[in-house]
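Chemist: Sharing a structure with you now.
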Amino acid sequence: MSKKITIVDTTLRDGMSSVSHQFTPQNVADIARGLDKAGVPTIEVAHGIGLGASSIQYGFAAATDPDYVRAAVDAVENADIAALYVPGIATLAELQQAIDAGIKTVRVAVHCTEADCGQQPVEWAKEHGLTVMTFLMMSHKLDPQPLAEQAAKLDSYGADVVYVVDSAGAMVPRHAGERVAALRQAITADIGFHAHNNLGVGIANALTAAENGATFIDGSLRGLGASAGNAQTEVLAAAFERAGWDTGVDLFPLIDTAEHVVAPLMKEPQIVDETALVLGYAGVYSTFFHPTKRAAKKFGVPARDILMELGRRGVIGGQEDMIIDVASELAGRTYETPAPAGV
């Protein structure tokens with residue numbers, strides 16, 4: 001009897017980062033419809049950084065989160081629509097708007113050392129009838145046992161699934177397996193794994209995570225996602241089937257959606273370029289990818305030098321302002337406060 005694995009697709013959330021958050025509601029509907037026909041049970045939809053993130057800081061989306069959610073909900077027959085909630089970016093009011101638009105699942109994402117930041121949204125979401133998946137972002141930054149202790153907190157708040165999240169694409173299979181195995185000993189909730197492909201091992205990490213107890217695996221069509229992108233949904237489906245797992249997903253409709261719906265919308269192929277590779281090697285959060293490239297060009301400093309220094313400083317998501325500081329320092333420049341007018 002085949003072992004069961006649940007594939008969650010994040011093309012319409014993490015994949016938004018690959019198109020500067022410019023999928024239209026019609027694009028969302030077309031992609032969601034294809035995923036639903038292929039049997040994908042949960043489809044994540046929102047701005048690339050999550051609910052409430054459309055801003056000058058993270059980039060303005062082509063539509064509102066409720067518009068995206070409604071487009072997906074109206075397009076599917078069976079799949080649940082999910083949204084990402086990051087405390088400090090999203091608000092409960094915005095989560096309520098997403099509920100009103102039709103989400104059935106919320107994914108609450110916290111830094112791997114800050115599980116307590118997820119207590120309020122997790123408990124609120126459970127009270128409002130949602131399935132709750134939780135993310136321990138930048139999971140490579142904690143050893144397995146401390147990570148499991150953080151996971152236990154999320155489990156105690158009522159999370160249905162706790163994810164090991166390789167936000168930087170910094171893990172190799174051993175790292176993924178050890179962390180999932182530690183969680184399996186510490187919590188009763190299901191375990192998920194979210195890969196990024198910066199070191200080229202996203203699929204291998206996902207397979208190893210499953211072998212060690214993960215039952216939910218994230219992917220995105222054509223690998224769309226921040227920096228090097230995510231584990232590729234259609235490849236995940238094929239690889240898991242070859243490895244003897246039951247995904248419940250129909251491979252060829254999935255491939256068709258990737259090939260004929262998603263690929264024409266891509267600005268460029270999703271590849272592991274120099275910046276993406278060094279970002280994973282340095283263990284830097286994936287959202288630093290584009291801002292680092294811009295800073296490198298502005299200050300005439302190699303992007304890899306900026307990323308290696310950011311990695312040495314241990315920056316995390318939300319500290320993107322450090323990119324300019326580091327680039328300026330490396331270029332031998334400093335910013336001065338402009339003198340008041342007329343002085």
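Cβ coordinates come from backbone N, Cα and C, glycine included.
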Chemist: Kindly point out which candidate in ASP9, ASP14 is recorded by Swiss-Prot as part of the Mn(2+) site with HIS194, HIS196.
Modeler: ASP14
Chemist: Any same-chain residues 6+ apart from HIS194 (substrate binding site) with CB under 8 Å of its CB? Would you list them in sequence order, or say none?
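Modeler: Listed in sequence order, they are THR10, PHE135, TYR163, VAL164, VAL165, ASP166, SER167, ASP218, ASN230.
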Chemist: Cα distance, ASP14 (substrate binding site) to HIS196 (Mn(2+) binding site), nearest Å?
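Modeler: Distance between the two Cα atoms comes out at 10 Å.
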Chemist: HIS196 (Mn(2+) binding site) has how many other Cβ neighbours within 10 Å of its own Cβ?
Modeler: 30
